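The structure appears right after this line, and notes come after that.
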Amino acid sequence: MPVQPNAQNINLATHPFRWAMLFGVWLLYFSFGLTVSGMAPLVPLIAKDLGISYSAIGGVMGAWQLVYIFSAMPCGALLGKYSPRWMLFAAAMTIAASGLLRGCATGNLSLFMAVAFFGIGGPMISVGAPKTVSQWFAGRERGISMGLYVTGSALGSVTALSLTHSVILPLMHGSWRATVFAYSGFIVVASLVWLAITAHPVSRAADHLFAAGPKQSQRQVFRELLGIRTVRIILLMSVGMFFYGHGLGNWLPEILRTSGMVPRTAGFWASIPTTVGIFASLLVPRFAIPERRLALLVVLFAAECCASILLRNPPGMLLGSGLVLQGIARGSITTIAVLLLVETPGVGSRNAGAASGMFFSAAEIGGVTGPLTIGALYDATGGFNAALAALTAITIGLMFGVLALRRNEQRERATVFSVVPSSGAD
């Protein structure tokens, strides 16, 4: 009879099975990216088949983000009470169901509801991934592992954008519905793989260890987290991070087209930040040790600032440099910010789910308002210079946010040092 590992004696941060867990998280994040980007290449076919306008489809594609804002915190609360194994499995199946419902859509409303349904499962992946990684990795490896799983979402998006028309759609005989069903089928398989990985005795023992830990009211957890000044600053900064990232990411092809590029060339150039971001997410987070994190964030925000300035140039080396800088920052900022959040004193791996839920709920406010603001500024001015100037201002504000984090860190250290002598004098 196989011996079941003793949960109390397991050091997850050194156990070799942690890499299998990381692969499972990566696979779920790949499914997340595949679903987010899988609809974009099919827009002309969907619009023609359902008889809806491009503006209506634009509203549909943003439906999941609106739901995401309100569901991320409850997802974090659920992860504080239940095993990530079943929560992430349920999230993946919800995402697959969203794809199936899209393929069954008969009009604008049913398509909107199908996409909005993704906003229920998607946040659980976003929130559950850092919680799982924080349980299984520690120290320098934690930053590396977070950088690794983030590539899953990027590669899922690249796969959807590059293979839908060239490979998947022809295999499905030109049917957009069959293509969406195929992606959903893949996600079902991915969720079953995750379930198989987490059936390992070490993973089950880790679940028992989690279940045996003290439980707190989630309302109390959120209240305590909001009482931490560092957490409040990071939540405020997250709005600006996603405002910049989603705003520029959604409008980049059009910004490049107005700079003088034809649509096909603009699409190619717009893929540069995504490609660079994949490599950056593998390389940059490994340098995000505690002593360097704030300095690294300043460098990345400065890179975004320079990118927003360089994107005002005509096609050439300066514009290309701006896209590379954007990619470096895009692939690393969220990872380092979440890493900083979950390692804040008072958060830790037990509250990582709740803290991540708060982060993504706040961040998606910027994710929704960023593209809308850039579009409004374009309509008001007839160009993107004002929008790019607004993004520059956002990055400067984020650098001041890092300064606030540094001052808060120094204040906390001073408090600790002032307490130590008095305790020693007794």
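Even glycines carry a Cβ here, placed using N, Cα and C.
If you look up TrEMBL, you'll see 21-409 marked as domain 'Major facilitator superfamily (MFS) profile'.
Residues of the same chain lying 6 or more positions beyond the ends of the transmembrane segment (20-40) and with a Cβ under 8 Å from any Cβ of it are 46, 61, 64, 88, 91-92, 95-96, 98-99, 102, 115, 118, 122, 125-126, 128-129, 132-133, 136-137, 145, 148-161, 164, 179-180, 183, 186-187, 190-191, 193-194, 197-198, 200, 203. Feature annotation from TrEMBL assigns transmembrane segment to 20-40 (among others).
Residues or ranges marked as transmembrane segment by TrEMBL: 52-79 (among others). Among residues of the same chain six or more beyond the transmembrane segment (52-79), those with a C-beta under 8 A of the stretch's C-beta atoms are 36, 39-40, 43, 46, 87, 91, 98, 107-108, 111-113, 115-120, 122-124, 126-128, 131, 218, 221-222, 353-361, 364-365, 367-368, 371.
With a threshold of 8 Å between CB atoms, the same-chain residues lying at least 6 positions outside the transmembrane segment (86-103) that come near it are 25, 28, 31-32, 35, 38-39, 64, 75, 78-79, 110-111, 113-115, 117-118, 120-125, 128, 132, 177-178, 180-181, 183-185, 187-188, 190-191, 194-195, 198. Per TrEMBL, transmembrane segment is recorded for 86-103 (among others).
Beyond the transmembrane segment (109-127), the same-chain residues lying 6 or more positions past its ends with a Cβ under 8 Å from any Cβ of the stretch are 28-29, 31-32, 35-36, 39, 46, 50, 52, 57, 59-61, 63-68, 71-72, 75-76, 78-79, 87-88, 90-95, 97-98, 101-102, 353, 356-357, 360-361. Summarising the annotation, TrEMBL assigns transmembrane segment to 109-127 (among others).
Feature annotation from TrEMBL assigns transmembrane segment to 148-168 (among others). Using a Cβ-Cβ cut-off under 8 Å and counting only residues 6 or more beyond its ends in the same chain, the transmembrane segment (148-168) has close neighbours at 22, 25-38, 40-42, 129, 133, 179, 182-183, 271, 274-275, 277-278, 281-282, 331, 334-335.
Residues 20-21, 23-24, 27-28, 30-31, 34-35, 38-39, 42, 85, 88-89, 92-93, 95-100, 102-103, 160, 168, 171-172, 203 of the same chain lie 6 or more positions beyond the ends of the transmembrane segment (180-197) yet place their CB under 8 Å from a CB of it. According to TrEMBL, the transmembrane segment annotation covers 180-197 (among others).
TrEMBL lists 225-246 (among others) with the feature transmembrane segment. When Cβ-Cβ distances below 8 Å are used as the criterion, the transmembrane segment (225-246) is approached by residues 304, 308, 330, 333-334, 337, 340-341, 344-347, 351, 354-355, 358-360, 362-371, 373, 391, 394-395, 397-398, 401-402, 404-405, 408-409 of the same chain, each at least six residues removed from its ends.
Residues annotated as transmembrane segment in TrEMBL: 266-287 (among others).
Residues or ranges marked as transmembrane segment by TrEMBL: 294-311 (among others). Here the transmembrane segment (294-311) has Cβ contacts under 8 Å with residues 244, 248, 255, 259, 284, 287-288, 318-319, 321-323, 325-326, 328-329, 332-333, 336-337, 340, 388-389, 391-392, 395-396, 398-399, 402, 405-406, 409 of the same chain, all six or more residues outside its ends.
Annotation source TrEMBL lists transmembrane segment at 323-342 (among others). For the transmembrane segment (323-342), the list of distant contacts is 130-131, 134, 142-143, 146-147, 150, 154, 231, 234, 237-238, 241, 245, 248-249, 269-270, 272-281, 284-285, 288, 293-294, 296-297, 300-301, 303-304, 306-307, 310-311, 348-349, 352, 355-356, 359, 363, 405: same-chain residues at least six beyond its ends, Cβ to Cβ under 8 Å.
The annotation transmembrane segment is assigned in TrEMBL to 354-378 (among others). Long-range contacts of the transmembrane segment (354-378) within the same chain, counting only residues at least 6 positions beyond its ends with a Cβ under 8 Å from a Cβ of the stretch, are 62, 65-66, 68-70, 72-77, 79-80, 123, 126-127, 130-131, 218, 221-222, 225-226, 231, 234-236, 238-248, 250-251, 334, 337-338, 341-342, 344, 347, 384, 386-387, 390-391.
Below 8 angstroms of C-beta separation, residues 230, 233-234, 236-237, 240-241, 243-244, 247-248, 251, 254-255, 258, 294, 297-298, 301-302, 304-305, 308-309, 311-312, 340, 373-374, 377-378 of the same chain, each at least six residues beyond the ends of the transmembrane segment (384-405), sit close to that stretch. Annotation comment: TrEMBL describes 384-405 (among others) as transmembrane segment.
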